[in-house]
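Student: Annotations for this protein, taken from TrEMBL, read as follows:
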{"type": "ACT_SITE", "residues": "B:172", "note": "active site, proton donor/acceptor"}
{"type": "BINDING", "residues": "B:18, B:21, B:110", "note": "Zn(2+) binding site"}
{"type": "BINDING", "residues": "B:60, B:172, B:282", "note": "N-acetyl-L-aspartate binding site"}
{"type": "BINDING", "residues": "B:67, B:68, B:158, B:159, B:160, B:161, B:162", "note": "substrate binding site"}
{"type": "DOMAIN", "residues": "B:11-200", "note": "domain 'Succinylglutamate desuccinylase/Aspartoacylase catalytic'"}
{"type": "DOMAIN", "residues": "B:213-293", "note": "domain 'AstE/AspA barrel-sandwich hybrid'"}
């Protein structure tokens, strides 16, 4: 049994890491005014707007993507863009990243224009506490689904805002356009967070969570839009793939459609599960979607000591 | 019979009036490279990116909304925001607004996050040429629908980019998030424009269009989100109303849902037809949706003289 390390009493909920993803911005602002909904026994929960200037302008960021800014170099540099300064402040308040004083859990609330439903993002396959939490949430919201995206990858490094915590958890809920608040998306996010906080309370009360397994989608490969020699996009996500996040994409399946109607097919070696399909914010990151592969992770038992 | 005034040879197609509405941006850029698809006998068609800086930044505008900038004061002022300077240049190239030298027709291509389908926007109920064109388009794309939104209103003035032409036509196609290109939305816009250009060609060839009627939705009232005394939104579009653009809203029907779950109902005097429901760009304009009323307009016969 994993004897877990502490009281798990410091929990932060981040909204507005991207200033135009409205569910998290709205929920966090609501809870700053009245935190009753997020109070749990033995847990100190802090709702926090991470990028207030971007929220004010209703834009993803001001100078650079805050959710990629938490690199070691950034966290020690000076004379830097707004989001990097902000990353340093957040690291001081909720970290320092990798230290024993860091917050136990940070939830970072995001929306996507992709049809990803209510997705939990996990950064490490070895994080038994988070795996147990995700197992709990999946059971609690069944028969609705709650896919887990594992971003652990030998090459792709994200340096997210939530990475300053011991147990970072991303919530990515969609589809919702940037700058828009949809009641269905808002209520889905709110419900997942309720179950997550319930789990932390149960853990704090000393409940033992026995070993379990969690099905996840592990990030595999970034796929860019087809482009001409000047870098201009020459094809769109194919209508057969659009909105089909988490569904199998097999070799030979339609993937893109050029402006003159030609179909471009997937030519990988085996079945993958695309997600973040046609996400607005990823055009600038040269990413039409990301492929994932299914995997089952084992979580050891946990109990507060 | 309306003996119409000229050759109808000068046609412009505007994209990127809002830099993050991607169907028009993409189509216009495609046609600037290769205009074959938009060539018609007796018609000179000019594809044009109206707000290149906003397109570059993939944002609605840089300083101010170009599509509200074509006021008389703006068109004669100096030392002004980027979009106002741009409005003056566009007015010189495609106008001057209200003059005999102005372009005959301008199509202005827009996307919306609202579920408006493929909407044609008409600025004047007396514009028989445009009414005939819209009648033609509606017939051509049936059984698919193509609602006409009439923005003529005693108080609401829009001062749109297309208003420099004798016959201004807006195309508003959705739902599509800002910064995203969806193939279904792209192809719908492309098809409507094809029929519109076909109509102009037929008119130029001397075909007579007999009197007809066109069902339109006339803009009636702007509805704001419920707000607290600080101006913060306290409710969302109700799930029963979300995505129900053009469907009847009756007195007593749910309209908003507060964050604590209370339903706010429509209390108007009679049935209205909401549209632009939960459009991202209209949060800053204090508009959750606009109500419209149904009306049938008569178009006189037209024939080129």
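Glycine too: its Cβ is placed from the backbone N, Cα and C atoms.
Bear in mind that TrEMBL entries carry predicted annotations, made automatically and left uncurated.
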Student: Determine the minimum-neighbour residue: among B:67, B:159, B:160, listed as binding-site residues, which Cβ has the fewest other Cβ atoms within 10 angstroms?
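Tutor: Candidates: the binding-site residues B:67, B:159, B:160. Fewest Cβ atoms within 10 Å: B:159.
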Student: Tell me, if you would, which residue among B:18, B:60, B:68, B:110, B:162 (binding-site residues) has the fewest other CB atoms within 10 Å in the structure shown?
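Tutor: Lowest Cβ count within 10 Å among the binding-site residues (B:18, B:60, B:68, B:110, B:162) is B:68.
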Student: Compute the mean position of the Cβ atoms of B:18, B:21, B:110, which form the recorded Zn(2+) site, and then list in sequence order the other residues of that chain whose Cβ is within 8 Å of it.
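Tutor: Other same-chain residues near the Zn(2+) site: B:16, B:17, B:20, B:24, B:60, B:67, B:109, B:111, B:112, B:172, B:281.
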Student: Using a Cβ-Cβ cut-off under 8 angstroms and a sequence gap of six or more, which residues of the chain neighbour residue B:21 (Zn(2+) binding site)?
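Tutor: Same-chain residues close to residue B:21 (Zn(2+) binding site) (Cβ under 8 Å, separated by 6 or more) are B:60, B:109, B:110, B:111, B:112, B:176, B:178.
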Student: Could you state the CA-to-CA distance between residue B:68 (substrate binding site) and the residue listed as 'active site, proton donor/acceptor' to the nearest Å?
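Tutor: Residue B:68 (substrate binding site) to the residue listed as 'active site, proton donor/acceptor', Cα-Cα distance: 16 Å.
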Student: Across all the protein chains here, work out how many other Cβ atoms are within 10 Å of the Cβ of residue B:282 (N-acetyl-L-aspartate binding site).
Tutor: 22
Student: Quick one: average pLDDT across the domain 'Succinylglutamate desuccinylase/Aspartoacylase catalytic' (B:11-200), no decimals.
Tutor: 92
Student: Of all the recorded positions given, B:158, B:161, B:172, which has the fewest Cβ neighbours within 10 Å once its own Cβ is left out?
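Tutor: B:158, out of the recorded positions B:158, B:161, B:172, has the fewest neighbouring Cβ atoms within 10 Å.
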Student: For the recorded N-acetyl-L-aspartate site formed by B:60, B:172, B:282, name the remaining residues of the chain with Cβ within 8 Å of the site's Cβ center, in chain order.
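Tutor: Surrounding the site, in chain order, are B:18, B:21, B:110, B:112, B:113, B:276, B:279, B:280, B:281.
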Student: Quick check for the class: what is the C-alpha distance, in angstrom and rounded, between residue B:18 (Zn(2+) binding site) and residue B:172 (active site, proton donor/acceptor)?
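Tutor: The separation of the Cα atoms works out to 12 Å.
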Student: Could you measure between residue B:162 (substrate binding site) and residue B:282 (N-acetyl-L-aspartate binding site) for me? Cα positions, answer in whole angstrom.
Tutor: 19
Student: Measure from the CA atom of residue B:282 (N-acetyl-L-aspartate binding site) to the CA atom of residue B:67 (substrate binding site) and give the result in Å, rounded to a whole number.
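Tutor: So the alpha carbons of residue B:67 (substrate binding site) and residue B:282 (N-acetyl-L-aspartate binding site) sit roughly 13 Å from each other.
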Student: If H, G and I count as helix, E and B as strand, and all else as coil, what does DSSP give for residue B:68 (substrate binding site)?
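Tutor: DSSP assigns residue B:68 (substrate binding site) to helix.
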Student: Could you name the residues, excluding B:67, B:68, B:158, B:159, B:160, B:161, B:162, of the same chain that surround the substrate site, i.e. Cβ within 8 Å of the Cβ centre of those residues, in sequence order?
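Tutor: For the substrate site the neighbour list reads B:17, B:66, B:69, B:70, B:108, B:163.
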Student: Between the Cα atoms of residue B:282 (N-acetyl-L-aspartate binding site) and residue B:159 (substrate binding site), find the distance and write it as a whole number of Å.
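Tutor: Cα-Cα distance, residue B:282 (N-acetyl-L-aspartate binding site) to residue B:159 (substrate binding site): 16 Å.
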Student: Between any two of B:60, B:172, B:282, the residues recorded as binding N-acetyl-L-aspartate, what is the biggest Cα to Cα distance in Å?
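Tutor: Looking at B:60, B:172, B:282 as a set, their Cα atoms extend up to 15 Å apart.
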